[in-house]
Amino acid sequence: MNPHTKLLTTLSLLLGTTITISSNHWLMAWTGLEINTLAIIPLISKSHHPRAIEAAIKYFLVQATASALLLFSSMINAWSSGQWDITQLTNPTSCLLLTTAISMKLGLVPFHFWFPEVLQGTSLLTALLLSTLMKLPPLTILFMTSHSLNPTLLVTMAIASTALGGWMGLNQTQVRKIMAFSSISHLGWMAIIILYNPKLTMLTFYLYIMMTTAIFLTLNTTKTLNLSTLLASWTKTPMLNTTLMLALLSLAGLPPLAGFLPKWLIIQELTKQELTPTATAITMLSLLSLFFYLRLAYHATITLPPNSTTHMKQWYTTNLTSTLTATLTSMSILLLPLSPMIQTYA
């Protein structure tokens, strides 16, 4: 891709995200979302492969539909209440339409079908952007309107996302699709708690970004796209694969790794709200996704290819990506002891 085009798309992504997360007016938030959608499409389709073009078209159609629903929701609310302020969402129809629109943008069940297909059709770094940065603006809108949302609908979608995210990821061999279903499963955890503790949702999202970025950067370094490639990468980068295993277990939410922190706090908050059956259900359903994280970790470190490779081991690299990967992986593994401080600032 042309450097000028890359710079333009990157700046547009940052601009769109900044406009949406800093706006109080519905039209400005909608404008930011549209800028984001148009900026990411060249990055999705830059390989000019038929699968990448298909992914870009699917992404555009879903995001355009979601944006239209969001605009329709805000217009109905403005018509009934005279308010264009995001926090003043009072009309029940508007609340329902907004929940649907944001669910489509995020990829919550039952509007999740586009997400694994789009991730599979693009590169690892663009998949990283779609899984992390592109979810920030819709999640911010959900955060600002959390007091107006329909509890029954949101809890149902959250539990369904955790269940389907784990269930559909069980049989996958493509790493990008596994990470897509992982994202859907984590969105279920974020959506279920946003009604009761919105700040905890944002904390979960930030920790999810940290762990997912570490995993995607590691996979990009080893050029891993499926499980069979992951098997052979152990002999090339043994240390990187070891830290990848720990980062995957952290994303699964196993103690004493950093990924355990948000799940622990969410279960605690749901229990405080006297929603013990809901907390039990979502915890049991997360065992499904634990299986495919363990399978990835097993392929990354424990299994070895039958023949040795002549590739020279690269023990030392000095580029920025390696430094970023090392920092994020260390944080993904070692952050749990700092949980009191994180809770204080969150």
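First residue shown is number 1, and so on along the chain.
Note: Cβ is positioned from N, Cα and C throughout, glycine not excepted.
When TrEMBL is compared with the stretches 299-318, 319-338, the one noted as transmembrane segment is 319-338. Remark: the transmembrane segment (278-298) makes no contact with the transmembrane segment (202-219), by the rule of 3 or more CB pairs under 8 A. Contact counts against the transmembrane segment (178-196), taken as Cβ pairs under 8 Å, peak for 152-171 among the stretches 56-76, 96-115, 152-171, 202-219, 319-338. Of the recorded ranges 96-115, 202-219, 239-258, 319-338, the transmembrane segment (56-76) has the largest number of C-beta contacts under 8 angstroms with 96-115. Against the transmembrane segment (152-171), stretch 96-115 has more CB pairs under 8 A than any other of 96-115, 202-219, 319-338. Long-range contacts of the transmembrane segment (96-115) within its own chain (CB-CB distance under 8 A, at least 6 residues past either end) are made by residues 33, 58-59, 62-63, 65-67, 69-70, 72-74, 76, 89, 130, 135, 138-139, 141-142, 145, 149-150, 153-154, 157-158, 160-161, 163-165, 180, 183-184, 187-188, 191.
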